[in-house]
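Q: This is the feature table in Swiss-Prot:
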type: MOD_RES; residues: 25; note: pyruvic acid (Ser)
type: ACT_SITE; residues: 25; note: active site, schiff-base intermediate with substrate
type: BINDING; residues: 57, 73, 74, 75; note: substrate binding site
type: ACT_SITE; residues: 58; note: active site, proton donor
């Protein structure tokens, strides 16, 4: 049996841009992608801490070191610049893999720079 498990999480990043007329997706600073082990075009689930919205889209790379978190297309209706988000990826794992799995959690500062990387639970 396979279980769908939390693989990685960007915790409380701040939306820096919302562009309704761009072709879908979520732009994420490459430094954050590397820290979380996330990849371009990977499906993500987003949880808006500010307004309670929950939605999904896919990743595109934003400039390294920019702190960018941009919501594009329809996703731009789900959050505003300044909103706090939790961005998660999930993946299938066997019973054995899931028993030992510890998701990667990336904590950021107010400028969306990596502050700490944790394996959860600590």
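For all residues, glycine too, the Cβ spot is worked out from N, Cα and C.
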Q: For the recorded substrate site formed by 57, 73, 74, 75, name the remaining residues of the chain with Cβ within 8 Å of the site's Cβ center, in chain order.
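A: Here the nearby residues are 24, 25, 26, 55, 71, 72, 76, 77, 78.
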Q: Among 25, 57, 58, 73, 75, the recorded positions in question, whose Cβ has the most other Cβ atoms within 10 Å in this structure?
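A: When each Cβ's neighbours within 10 Å are tallied, 75 leads.
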Q: To the nearest Å, how far is the Cα of the residue listed as 'active site, proton donor' from the Cα of residue 75 (substrate binding site)?
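A: With distance taken Cα to Cα, residue 75 (substrate binding site) is 10 Å from the residue listed as 'active site, proton donor'.
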Q: Neighbour count, 10 Å Cβ-Cβ cut-off, for residue 74 (substrate binding site): what number do you get?
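A: Around residue 74 (substrate binding site), other Cβ atoms within 10 Å: 11.
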Q: Just how spread out is the substrate site if you go by the largest Cα to Cα distance in Å among 57, 73, 74, 75?
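A: Pairwise Cα check on 57, 73, 74, 75 gives a maximum of 10 Å.
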Q: Please report the DSSP secondary structure of residue 57 (substrate binding site), reduced to three states.
A: strand
